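S.K.: Quick one: structure below, then a few questions.
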Amino acid sequence: MKHKGAILIVIGVVALAAMILIIGPGEIEDALRKADPVYVLMAVVLEFIILALFTLRWSITTRAVSIDVGKRHLFPMLLVGMAINNLTPSARGGGEPVRAYMLGKYSRASMESAFATVIADRGLDTFPFIFLAVLTIIGIVLYFDLSRWILAALIASVVIIVVAFFLALYVSVDRDAGERITGWILGVVKRFYRKNHERLERRVRSALHEFQSTMRMMLKEKNVLVYGIPISFLIWILEIIRVYLIFTAFGTDISLLVIAEVFILATLIGMIPLLPGGLGAVDGIMIVFYSYAGVSPSVSAAATVVERLISFWMISAMGVAAIPYFGSSVSEKLMDKL
């Protein structure tokens, strides 16, 4: 792991530790001891079901472009990508090129086609995100007494993400739009890269055309949307239920709507490329808002610790452990990303 990444993880852990100290380690420990292990185990099992659904959704996009790779091989690629997202300050996007790289290496598909399947897979998440984001904004107005500035910032961030998604989708499938964006980027590159820029331009335009062709092929494949969108909604619903099970383990009754609201807020915070996986910041947001919703601070902190152990640390550990699966040459490159 690079020194910068390790330092940022330490900073995130220290921030979380500071919040635990403020709340009271003894109270949090008491809450953890009272947790029902059956519900915690159910939350862990549910996380594996969620991972299986993620793998299934990605396999739909790979099949749409005739990339022949089994789910048992996609699964470790998914885990490694998630680990990269969690352990690097990359706005939860650093793992996607890694997934594409591994898919291309394993299936011998072009990098452009492999990357298109990853982009489409992540894009399917946008539909439930928009729905839950609207619910979150409504819920915050009704349940939380936040300043107008915070509410405006939340609305603005959601709008920016939605606009960016549809703009990226437009550029991905429209040849003229892609050419204009590519031309602008190449114009900037030419100022600094004067050697063989004609060759570079040919390679970039060729890669763009293949990427766009693959994206259009997937959008024409009805299974991508017919099955991909419902699976995406199911994944988000199950993630909310997972958090609900954890609170149930602590004997706390909490609204699923409140969990959804905090989940969206935590997702937005996690996208800020400051700390790996929003470590510290996401935990803090979850603890503060659950407490604000009426859950005791000690239970909020204990539930957040358990939730992050399952959804962050367990997944990260599994992803790192899966890296040797792809051989030494790939492993060395992947470890450089951490």
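Cβ atoms are placed via backbone N, Cα and C, with glycine included.
According to Swiss-Prot, the transmembrane segment annotation covers 6-26, 36-56, 124-144, 149-169, 231-251, 254-274, 275-295, 310-330.
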S.K.: Counting Cβ pairs under 8 Å that sit 6 or more residues apart, are there three or more between the transmembrane segment (310-330) and the transmembrane segment (36-56)?
M.R.: yes
S.K.: Count the CB pairs under 8 A between the transmembrane segment (231-251) and each of 36-56, 124-144, 149-169, then give me the winner.
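M.R.: Ranking 36-56, 124-144, 149-169 by Cβ pairs under 8 Å to the transmembrane segment (231-251) puts 36-56 first.
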